[in-house]
Amino acid sequence: MSDIQTWTLVFVVITFGIYIYIAYASRVSNTSGFYVAGGGIPASANGAAIAADWMSAASFISMAGIIALAGNGYAGSVYLMGWTGGYVLLALLLAPYLRKFGKYTIPDFVGDRYSESARLVAVVCAIVVSFVYVAGQMAGVGLVFQRFLNVGTTTGVVIGMAIVFFYAVLGGMKGITWTQVAQYSVLIVAYLIPAVAISAELSDIPVPQIGFGQILAELDGLQQDLGIAAYTEAFTQTSMMNMVLITAALMFGTAGLPHVIVRFYTAKSVRAARYSALWALFFISLLYTTAPSIAAFSKLRVIQDLDGTALADVPGWFNTWADVGLITGADGGAVADANGNGVIDFTSEVVINNDIMVLAAPEIGGLPAPIVGLVAAGALAAALSTASGLLLVISSSVANDVYYKRINPGATEARQLLVGRIAMGGAILVAGYLGINPPGFVAQVVALAFGLACASFFPILVLGIFWKKCTAAGATAGMLTGLTVTMAYMIWTVDIWGNSAGIWNIPETGFGTIGMLINFAVTITVSQFTRKPSPLMQELVEEIRFPGRTDLVAKHAHGEELT
Amino acid sequence: MDEAARREYWRSNLRLMAALLTIWALVSFGAGIVFVEPLNEIVVAGFPLGFWFAQQGSIITFVVLIAIYVWRMDKLDAKHGVDIDGYEEEVHHS
């Protein structure tokens, strides 16, 4: 066993032990605890939990690599702005009001505010979006186990499933929330240490957010010498219109994702919901402002180390990753001196996988083995925390929105909790299966989930709060049209149909923005001609705009008949 | 809160939201995308300014915007005599 494997094992065992201990200490016995942690989580802890829930394997492992390699610098900004800007919308437009509304899930809000058929559409959307996401997380867990500990992907996924099963089934939202606080701490420390070290080494400034300014001019020059567009130059790969559309789809999609919105129900109060949003974005921004700096430093180092170097002289990290097939030649085989000039040509002879930029950063920066092990534990924390949050959405949608609200409204507390736990167990099994046998389209579909969330949920949530006269028929029509149009465009642009250029070159990842505008238009138009919400419902919508205790909202939250 | 106070509370809230969302759009879609090329002509501490807004400045601004929102809403609540501790009773049930 190599040094790196030993240290990885040490960190994985320690962190998993902590998660299990926390889960045992915070086990729950009622539905309120299971679904929303009793609504009693302090804002800073809730913020850290939201941050861990939000930052998935994709944010932790892939994002810096996508910015550096696939996005060639500037184009990767869509992820940085898109996945943070959505929180401003959440904080200002949704979080406080949904918290005041005081139910458990998005379908709860949609069903109570609009109608039962709208609730069903919302349940289906929530479950589809969450399953798509969770499959990617489980695959990420398997990947880390395979690369760092040399165990099979299947074994890795099963270990991950067992851990999540233990703390999610036992502790529900309460266990998940406190575990996520621990997972956030692990992942942010694991992300920042290599970044600070590499920044101190390459720029003499130990603050990566400031340090990478020092090397941008050099990196621009290097890339231009290689005949690639400069790192900081705009619109070299993505047009201005598409930058706007993709960024908007990610922003509005973030504000419509069920597993994020549900976290604001766990806040103690309306005020705590506002503070939760602030803490969450603050914690997220620590990683999101660091990612572009890791991207720039690693790109510089990789070009310097590899371009014009003989194959025999490459640094150690190159061989580590070439051995597992994540650094290859242009043809997908081993890296070879294809044009026979005795050295590697960066632009034509090497292909580096996006996913290794962060994982290889400690080695590229020359850091010792324990740090590499810590980064592996951080990647696992990111994947597991997101997976557990998504599984809770699935379980509460099935147990609360379908079983309790539709099938057996007379169910006792204990019975609901049992159904919730069974649903959670079932969801973990399906997620594990998808993680071991990922359908080929998962990677694409994850990006598309944002488009679907933004085209379906965002407009009807915002209109439901800010427009008292928005009708049930309007919302249902809007949600269905937005979803159908967006999905149709995504399917229509799949390569096999030969329409991959789409209409006006709009990428499928950016089309959610168009779907959202259509949803708004349809909802508003149909609402003009259909039966207005009851005066009581209009009064309830009016009430949730104001903080403080009001009888009507309290009655509604307790599930009493409104009269 | 009586009817007039409520109207004023809601109007202040909407005004604050409109101002913050305008800045939100100007910084991200404006400085980070639409005006990125002219801004890139200006270089500060090694960063072309448009590129900086797209990868650092917009994120920092988002955090500041929510901080201002939270702070102003606390003040608005206090002005209208909303009992901040009273909030804590709103634990929910179904």
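In case you wondered, yes, glycine gets a Cβ from its N, Cα and C as well.
Sequence annotations record features per position, and here TrEMBL assigns transmembrane segment to A:6-24, A:76-98, A:118-136, A:148-169, A:181-200, A:243-265, A:277-297, A:371-396, A:417-436, A:442-466, A:473-492, A:512-530.
Tertiary neighbourhood of the transmembrane segment (A:6-24): same-chain residues 148-149, 163, 166-167, 170-171, 175, 178-179, 182-183, 186, 369-370, 372-374, 376-377, 380-381, 384, selected by CB-CB distance under 8 Å and a gap of 6+ residues from either end. For the transmembrane segment (A:417-436), the most Cβ-contacting stretch among A:118-136, A:181-200, A:371-396 is A:371-396 (pairs under 8 Å). Among residues of the same chain six or more beyond the transmembrane segment (A:371-396), those with a C-beta under 8 A of the stretch's C-beta atoms are 4, 6-12, 14-15, 19, 34-35, 52-57, 59-61, 104-105, 126-127, 130-131, 133-134, 137-138, 140-141, 144-145, 147-149, 160, 163-164, 167-168, 172-173, 176, 179-180, 182-184, 186-191, 193-194, 197, 258-259, 262-263, 358-359, 361-363, 420-421, 423-424, 427-428, 431. Between the transmembrane segment (A:277-297) and the transmembrane segment (A:512-530) there are fewer than 3 Cβ pairs closer than 8 Å, counting only residues 6 or more apart in sequence, so the two stretches are not in contact.
Against the transmembrane segment (A:473-492), stretch A:512-530 has more CB pairs under 8 A than any other of A:76-98, A:181-200, A:243-265, A:512-530.
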